[in-house]
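Scroll down for the structure; my scribbles are underneath it.
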C-alpha cells in the first residue's frame, strides 16, 4: 500500500470541488419540508458524477462504487484491488429541508479494509479526513489550519454523549438516553457527520441501527473514528470489511464509539432494548 499522500490530495481537491457544485444547486433548491428518507436529487447525481470522473481519471485501475446510477460507474475497472466508495450527498433529507445537515463522503478501500476517508460539510465549509496511520484531522474553513482529532476520554455511559439521527425525533432521543443511561445527545441527518462528531470528540457513541445501511453510508466515517482513537464494528461486534459491492453491512448495522465505551455499548445493544430499524 502507498503512503496515500497522493490519494488524500486528490480526495480533498475532489470533495471540495463537489462541494462547490452542491452548494450552487443548494442555493436554488426549493425546500421540501416533508422530504422522505430515501429522497434523491439532481444534486446527488451531479456530485457523484463529478467525483467519480475525477477519481477515475486519477486512478484508472481502481474500482468505483457510488449510491447513484451515473455514467462513470460503467467505465470503471472491475478488477482493481482498491475500491473508492462515494456518497455524493449523505443526509439528502437535510439538503432537501435546507437545514445544512448534509455531507459529501469519499472513502478508499484496499483489500476490503478502509484506508482513507473524507467527510465534507459544504454548508458550513468544514472537512474532516483521515488516512491509515496518519491520524484524523479537521479544518473549518476548508483551507484553514488542520486540527488533529481525538475521541473523548469518556469511560462511563452516564457521561456519554450520543450522536443520533434527527429522524428519531424528541421521543426517540429520550428513549435512547434512557436505554443507554447517557447524559445528552446531538441530532443530525447525516451518518458521515455523526462519525465525524465522534472523531472530533463532540460525542462518544453513534449507533447506526438502520439495517438497510449501505457501504457508502459509513465507509468514509469509519476510518475517521479509528484514526482518532475510536472503534467501529457491526451492531453484533464483528469487524467491518467492505467487499460486498456496496452491501457489506446489509442487515448488520454499525457502531462507532470512542473505544472505551465500545464494550458497554455492545452490551446495551445485546439486551434488545434498542429498536433496530
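Using N, Cα and C of the backbone, Cβ positions are placed for all residues, glycine too.
Because TrEMBL annotations are produced automatically, they should be read as predictions rather than curated entries.
The model shown is predicted, which means the values in this text are computed figures rather than measured ones.
TrEMBL lists 87, 89, 217 as Mg(2+) 1-binding residues, and of the candidates 67, 68, 202, 238 the one it assigns to that same site is 67. Sequence-ordered, the extra residues of this chain that approach the Mg(2+) 1 site, with Cβ no more than 8 Å from the Cβ center of 67, 87, 89, 217, are 44, 66, 86, 88, 90, 92, 105, 192, 214, 216. The two recorded residues residue 90 (Mg(2+) 2 binding site) and residue 67 (Mg(2+) 1 binding site) have their Cα atoms spaced 10 Å from each other.
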